[in-house]
Amino acid sequence: MVRIGLLTSGGDCQALNATMRGVVKGLANNVDQLEVYGFMNGYKGLIYGDYRMLTSQDFSGILTRGGTILGTSRQPFKLMRTPDENGLDKVDAMKQNYYKLRLDCLVILGGNGTQKTANLLREEGLNIIHLPKTIDNDISGTDMTFGFYSAVNIAAEAIDCIHTTASSHNRVFIVEVMGHKVGWLTLYAGIASGADVILIPEIPYDIDKIISAINKRKERGSGFTILAVAEGAIPKKIAALPKKEMKKEMAKILEKYPSISYKIAEDIQKETGLEIRVTVPGHTQRGGSPCPYDRILSTRIGSEAAKLILEKNFGYMVALVNGKIKKVPLEDVAGKLKGVDPECQEIADAKRMGISFGD
Ligand code: F6P
């Protein structure tokens, strides 16, 4: 008999169901008896004992279904050690529910914050396996997170659509791509869709450089320009400030504009007089079906998680490393953000193609 718990936490993404299916199928085919408990709405379900026993029926037909059959929520890591409004110690509560169900392992699907709590539960003695999900691809220790390529497809498609209308009207267009802290999604979607300017948090931008990229295109006869801008793009002048001041200055901008893209649009418009529009695909980037790449990655990650459970190998994140599925100790990676290296090959290649990063 094997008893496992499953939970999905943090922002959702496209291949959560596909990954859980991989885990459960990988176990069901290799043990006589399997009990699967699904905790509802992220860590909340584990804290407050909101769970249900899942059957093979629950995992049938979900390879292609986006979202998560368990629901999810954001539970900030910094509040995990803080008792709730009724004085309940959340970490104790999670441990009690784990032991009450006599789980052999808790499989946790989530991003950076989720991973930190997963590692905390590991330190508290629970058998944990973490599976790296996020459209942001910002988890250390894995080359790829599931959800990322599905989101790249959606963001790139949005930019493709903008391309045709931008060229018809000779307009400058900003497409704002998700990613407050890291620019992987913007970088990949921007390259995939032929954006002319790509702005990511890791490379603070100089507005004059962006304007000169637009003017250069005009001189060469291209009347339109497409900018792929990450939510977390930051002006060079502000990025150079001490952290506290930097946050204050960014907060001032976000008080005045719905997002940084609108500030960039206004700055370009003032300087060039060109017609400019902003498009924000927003949460569509996390929605819909996982792309085939993510379905395969998720199936491989889920299958490896099943193998680790059968071997009683706990305390790991399942990762993709140089094309191979590997186990990485949770303690080595928990809480480490994987940003884009401004010197990386993708950026060097893109710059050679004439893409401006505003630096
Ligand atoms: O972490 C994934 C992500 O989609 C980020 O790219 C984005 O900045 C954030 O979540 C949006 O969060 P929420 O769903 O809480 O609006």
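Cβ coordinates come from backbone N, Cα and C, glycine included.
Listed in TrEMBL for this protein:
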DOMAIN    3-309  domain 'Phosphofructokinase'
BINDING   Gly11, Arg74, Gln75, Gly111, Asn112, Gly113, Thr114  ATP binding site
BINDING   Asn112  Mg(2+) binding site
SITE      Gly113  site 'Important for substrate specificity'
BINDING   Thr134, Ile135, Asp136, Arg171, Met178, Gly179, His180, Glu231, Arg277, His283, Thr284, Gln285, Arg286  substrate binding site
ACT_SITE  Asp136  active site, proton acceptor
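What TrEMBL annotates, mapped onto the structure for a quick look.
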residue : record                 : Cβ contacts under 8 Å, 6 or more apart
Gly11   : ATP binding site       : Thr72, Arg74, Gly111, Thr134, Ile135, Arg286
Gln75   : ATP binding site       : Ser9, Gly42, Tyr43, Lys44, Ile47, Gly113, Thr117
Thr114  : ATP binding site       : Ser9, Gly10, Gly42, Tyr43, Ile108, His130
Met178  : substrate binding site : Ile135, Asp136, Ala151, Ala155, Leu185, Ala230, Glu231, Gly282, Gln285, Arg286
His180  : substrate binding site : Pro201, Ala230, Glu231, Gly232
Arg277  : substrate binding site : Arg171, Val172, Phe173, Ile174, Ala265
Thr284  : substrate binding site : Ile154, Ala158
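When pLDDT is averaged over the domain 'Phosphofructokinase' (3-309), the result is 97. Shown in sequence order, Gly10, Thr134, Asp138, Ile139, Gly335, Leu337 are the residues of the chain, 6+ apart in sequence, with a C-beta less than 8 angstroms from the C-beta of Asn112 (ATP binding site). His180 are the binding-site residues among Gln75, Asn112, Gly113, His180 whose C-beta comes within less than 6 Å of an atom of ligand 1, given in sequence order.
In this structure, Gly113 is the one among the binding-site residues Gly111, Gly113 with the smallest number of other Cβ atoms inside 10 Å of its Cβ.
All chains included, 20 other C-beta atoms sit within 10 angstroms of the C-beta of Arg286 (substrate binding site). In this structure, Gly111 (ATP binding site) belongs to neither helix nor strand by DSSP; it is coil. Annotation note: Arg286 (substrate binding site) sits in a helical segment as assigned by DSSP.
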